[in-house]
């Protein structure tokens with residue numbers, strides 16, 4: 001049982017090697033002479049992700065990124081096959097035992113054979129130009145149409161289209177950060193908006209670097225896999241912890257967000273008992289935790305992943321409502337124009353950085369694509385659309401509210417307008433569907449430490465998830481500053497995940513195969529990330545301490 005995972009990870013099991021060689025289909029019949037070499041490569045188990053913590057990362061992040069959600073409308077036809085009996089049978093919390101993982105990965109998540117001539121392709125002066133791994137994939141004919149399933153029997157899509165990948169990418173990038181871009185402009189001034197554009201370019205580049213890392217060696221599919229390839233087991237654990245802390249901090253933001261917006265809708269709500277009174281903020285924060293708690297206990301989050309895929313629609317709705325209030329409802333533009341604010345610019349650094357915290361999911365999106373050569377175009381489309389939305393909202397919100405702009409522009413909207421109510425309620429409903437999906441990867445990683453075959457596994461899982469919800473509530477009540485918390489997350493964590501670590505991993509994995517210009521570019525990106533992280537974190541922490549002391 002000790003070797004049930006490591007001996008069977010990332011290779012195709014075949015009882016007949018000759019049939020396997022005959023059935024290999026790499027899209028080019030002329031390469032059949034090299035099938036024996038490919039066969040040897042396939043049957044070499046990859047050391048990455050083999051019995052290493054966290055084992056649940058791939059499935060949990062796929063769920064969070066809606067990678068297995070159905071296509072809707074123009075993207076395709078909804079598939080309800082995944083809703084079978086597995087929803088009822090695995091809805092309540094189960095932990096991931098090694099046996100469960102080995103059953104789900106006994107066949108490769110993405111069986112690959114890296115062609116020796118294409119393993120390290122030439123690089124362009126500005127960055128890696130590696131061929132898509134899809135072009136070098138060798139799959140058995142009788143396995144190509146079999147869906148790869150996770151430990152709950154839910155299919156993991158390996159044929160994600162360009163449109164689906166774009167929607168998934170936008171859904172990850174364009175979240176609650178869009179509510180704070182006017183506040184970021186208020187903190188940094190007009191010229192501070194250039195930081196948003198700089199981060200967009202750098203984040204796009206580091207996204208391409210992650211692809212290069214994935215293509216460099218067979219068996220790499222997730223961000224922790226990249227960390228392990230670059231820095232060994234320590235790198236895998238360190239990167240995983242950073243990613244999980246970022247997800248955990250996002251759940252804290254959800255609690256603060258719900259409390260702020262619901263208390264705006266119902267400012268007089270309160271409860272008094274025994275001489276103790278719960279204010280609107282405290283009441284709605286507790287209500288939020290109680291509301292999301294049952295969803296966190298569920299293991300099968302199929303329904304929530306379907307609903308959360310509407311995050312793109314929710315973002316578009318709140319943007320339209322802002323423009324409607326400013327242009328149609330004649331609220332007008334009364335904001336002053338401040339070119340640059342050096343004193344509060346570091347706060348804007350973190351807020352703008354938070355807008356591009358999607359790199360944890362990008363490797364999963366790449367691995368799920370049917371045509372992986374389209375990944376750079378997917379990234380370019382996602383970053384282009386999101387940057388236009390961020391910049392448009394920042395400019396519009398700052399022109400409308402000026403120096404009185406709050407950390408969430410929904411709090412500035414006149415409450416008597418229909419568009420304002422739509423924006424606020426859309427903002428309120430969306431986090432309820434995303435909280436469980438966001439905290440689930442953290443919970444699954446902790447559940448891996450429960451001893452195998454423990455008789456009280458189910459109880460421990462519920463306790464872990466309940467404790468996580470309660471802890472996010474307590475932190476949210478202790479530091480109820482949405483904008484400053486977002487700036488701290490963006491400065492301390494997002495800079496690491498988005499700018500610093502991709503470059504560091506790229507230089508480590510492909511050392512000796514990169515040009516001087518590429519090394520220089522990576523060093524520049526790392527320097528920008530370190531400087532922005534240092535100044536942004538210091539400024540955010542200083543302001544949080546000042547507010548707590550006031």
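Using N, Cα and C of the backbone, Cβ positions are placed for all residues, glycine too.
All annotation found in TrEMBL is predicted automatically rather than curated by experts.
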| remark: Range annotated region 'Disordered' in TrEMBL (choices 1-47, 48-94) is 1-47
| remark: transmembrane segment per TrEMBL, picked from 138-161, 378-401, 402-425, is residues 378-401
| query | Against which stretches of its own chain does the transmembrane segment (190-212) lie, if we need a Cβ under 8 Å and a gap of at least six residues from its ends? | reply | 127-128, 130, 181, 184, 223, 226, 337-341, 345, 348-349, 352-353, 355-356, 359, 362-363, 366, 375-376, 379-380, 383, 386-387, 390-391, 394-395, 498-499, 502-503, 505-506, 510, 521-522, 525, 528
| request: Report yes or no: does the transmembrane segment (515-538) come within contact of the transmembrane segment (345-366), defined as 3 or more CB pairs under 8 Å with a sequence separation of 6 or more? | output: yes
| Chain residues in Cβ proximity to the transmembrane segment (489-509) (below 8 Å; excluding those fewer than six residues from its ends, i.e. six or more beyond) | 128, 177, 199, 202-203, 206-207, 209-210, 212-213, 216-217, 223, 226-227, 229-231, 235, 239, 242-243, 245-246, 249-250, 253, 346, 349-357, 359-360, 519, 522-523, 525-526, 528-530, 532-533, 535-537, 539-540
| field | Proximity verdict for the transmembrane segment (378-401) and the transmembrane segment (459-482), three or more C-beta pairs under 8 Å | value | no
| message | Six or more residues beyond either end and a Cβ under 8 Å away: which residues meet both conditions relative to the transmembrane segment (165-184)? | response | 65-67, 69, 75, 192, 196, 250, 253-254, 257, 308-309, 311-312, 315, 318-319, 347-348, 351-352, 354-358, 361-362, 365, 368-369, 374-375, 378-379, 381-383, 385-386, 389-391, 393-394, 396-398, 400-401, 405-410, 427, 431, 434, 482-483, 486, 490
